[in-house]
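The feature transmembrane segment is assigned by TrEMBL to 30-48, 87-103, 109-129, 141-157, 163-188, 238-255.
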Amino acid sequence: MMGGHHAASGAAAWIAVASTAPHALGWYPVTPLGVVTGALLTAGAALLPDLDHHSGTIAHSLPPVTKILARITEQVSGGHRRGTHSLLGLAVFVALSTALGKVTADVPLFGSVAVGAGLLSVLLMGFALKALKIAGGPARSWLLALSLSAFIAVYAPENNDWLPVAVGLGVAVHILGDLLTHQGVMILWPLRIKRPRSLAGIPVLNKLWRSSGCMSLPLIGAAGSWREWALMVPVTVYAMYGVVHAAFFALAQWASG
Ligand SMILES: [Zn+2]
């Protein structure tokens, strides 16, 4: 799936779960501003699994930091569309973001500052800006990512667990998005259960279980296909609706004092 579509699906997932607007589930209700900041963050988190590719778009989002992180991730996760696109990878991303969310520092005048969450959100904002093609050069990407993260730090939901929730949601919808393509994902990595050759001739099954060991539900076929667009245009509209709805409520709350 294309990067911009991953980002949109992340934002839409946050809206569905965290917004209490009509057509949202409201399972994890947060303030209207928390809906906006969480949508930005989940959009970035929905690109996290593609950090497993040293020459991918995401690796170039905040140079040189993301390039170094991508090299490390690629090594640890066994290559592109392996560890970071599996259930184990999902668990590791949630555990890492939980741990980072607990890292705080006492700063004079400001009190306790969420340093770990701040650093992670700079990274995730860099990914989202790159995927949505609003990044520009490295200097502008850094500047935009840092200012968006400052906005998130100030207006983030007050609950402690929102960061792992946003990261978990983002990574899960990314894996789901790639599962819908021909290539599929190795969901049980590091287990690689290759399809026996004897099953290659069985229609449908040979599409769902690839000879590489990847699982696929190829509803959108190739990445960037018209079917991907047909699915992702409504998802993107839904994400925008949720963000605008929440921003409107936040403004109304602010105006009424
Ligand atoms: Zn991917």
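The count begins at 1 with the first shown residue.
Glycine residues also receive a Cβ, built from the backbone N, Cα and C atoms like all the rest.
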Considering the transmembrane segment (30-48), which listed stretch of 87-103, 109-129, 163-188, 238-255 counts the most C-beta pairs under 8 Å: 163-188
Most Cβ pairs under 8 Å with the transmembrane segment (163-188), selected from 87-103, 109-129, 141-157, 238-255: 87-103
Same-chain residue ranges lying at least 6 outside the transmembrane segment (238-255) that approach it to Cβ under 8 Å: 8-9, 11-12, 14-16, 19, 21, 23-24, 31-33, 35-36, 39, 43
